[in-house]
Amino acid sequence: MARTGRPTLAVVGATGAVGAVMLQILSQRADIWGEIRLLASPRSAGRKLAVRGEEVEVAALTEEALDGVDVAMFDVPDEVAAQWAPIAAARGAVVIDNSGAFRMDPEVPLVVPEVNPHMARMRPRGIVSNPNCTTLSMIVALGALHAEFGLRELVVSSYQAVSGAGRAGIETLRAQLSLVAGTDLGTAPGDVRRAVGELTGPFPEPVALNVVPWAGSLREDGWSSEEMKVRDETRKILGLAALPVAVTCVRVPVLTTHSLTVHARFQDEVTVDGAREILATAPGVVLCDDPAAGEYPTPADVVGTDPTWVGRVRRALDDPTALELFVCGDNLRKGAALNTAQIAELVAAEMM
Ligand SMILES: NC(=O)c1ccc[n+]([C@@H]2O[C@H](COP(=O)([O-])OP(=O)(O)OC[C@H]3O[C@@H](n4cnc5c(N)ncnc54)[C@H](OP(=O)(O)O)[C@@H]3O)[C@@H](O)[C@H]2O)c1
């Protein structure tokens, strides 16, 4: 198929956990791109990766490698994005950044195409930010409920997969699982910790046979950076600058797909039937909610899929204005690569 005249795309960080899923997604979605250029650190230069059924050689990220790029997706660590996204934008590319470097910059929109697509056009710095994976795993469902009911308060707990910490997170859980499999570890205080030893990778504690009430780095008054991201980003995406938000982020031994319990309080009384109707028809949401039949979403079933899955929809027992939900979303797809691809498609549509 002729690809001339179509926008050139660069995937910066093509070799990472998000980058790998991005290449799958670009191979599965409508092929709107001309050239797709794959960039990473000099360590990966010369590697070949498959995208759209073709082998493409990875090049090192340099200023010249960005020449002629119309849209640049950045799937790299914060500090790399902070340095290189403005360079790419100055060379004429629209940057869609998956890192945390620009999300709270007032001149950078934070976009979820199902919730605030119009914001993708307002990009004075030439950069659009993609929210973090924990926020993204719930925000499509929450945005649909907010549009109808008017959100007034949010209390969430996350159950976050290890791939939220990149390739290193995946490798760490796999290595720890092989250490503990077939043993009687997990029966005495500290036995898992001793078996795992130094092999904790990007996590502060063993994650196999464990749950860890910590994700990210320490912020003021005992909050974690991940918790602050969920609060700040939810407020920015929904345009609710003063929304009361309480978050506890927890890491669990799941490879990919974040889950959250959500307590959402709205302006007026809500009904479960009303909430179900909204969730059943909201774009990007699947309602999977029949506990009598054992139907609710779990990461093991949701991983590898695109939508936000919602189950356990209940009205709060002590507050007729509040709903309780359980939400699952693949943190590498909607939580990262898919949302970025959707934003890039919105931007590409302006160019064609
Ligand atoms: N994992 C998630 O669920 C998730 C969700 C949302 C957002 N994010 C964000 O997305 C970004 C990527 O995350 P990840 O999980 O994919 O990380 P990752 O698996 O560690 O991959 C990092 C990528 O960045 C590249 N890179 C590192 N240093 C570079 C440099 N100096 N120049 C050019 N490329 C460089 C790496 O290339 P080499 O292979 O050559 O080292 C690799 O392609 C992060 O900002 C992360 O916070 C992640």
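Every residue, even glycine, has its Cβ placed from backbone N, Cα and C.
All annotation found in TrEMBL is predicted automatically rather than curated by experts.
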Given that TrEMBL records Thr15, Gly16, Ala17, Val18, Arg43, Ser44, Ser163, Gly164 as binding NADP(+), the matching residue among Asn116, Asn331 is Asn331
Among Thr15, Gly16, Ala17, Val18, Arg43, Ser44, Ser163, Gly164, Asn331, the record's NADP(+)-binding residues, the widest C-alpha separation in angstrom comes to 26
Same chain, |i - j| six or more, Cβ under 8 Å of Arg251 (substrate binding site); the result in sequence order is Gln160, Val162, Gly164, Phe203, Val207, Val211, Val212, Trp214, Ala215
Judged by other C-beta atoms within 10 Å of its C-beta, the most isolated of the binding-site residues Thr15, Gln160, Ser163 is Thr15
Distance filter, Cβ under 6 Å of ligand 1; input binding-site residues Thr15, Ala17, Arg103, Arg251; output Thr15, Ala17
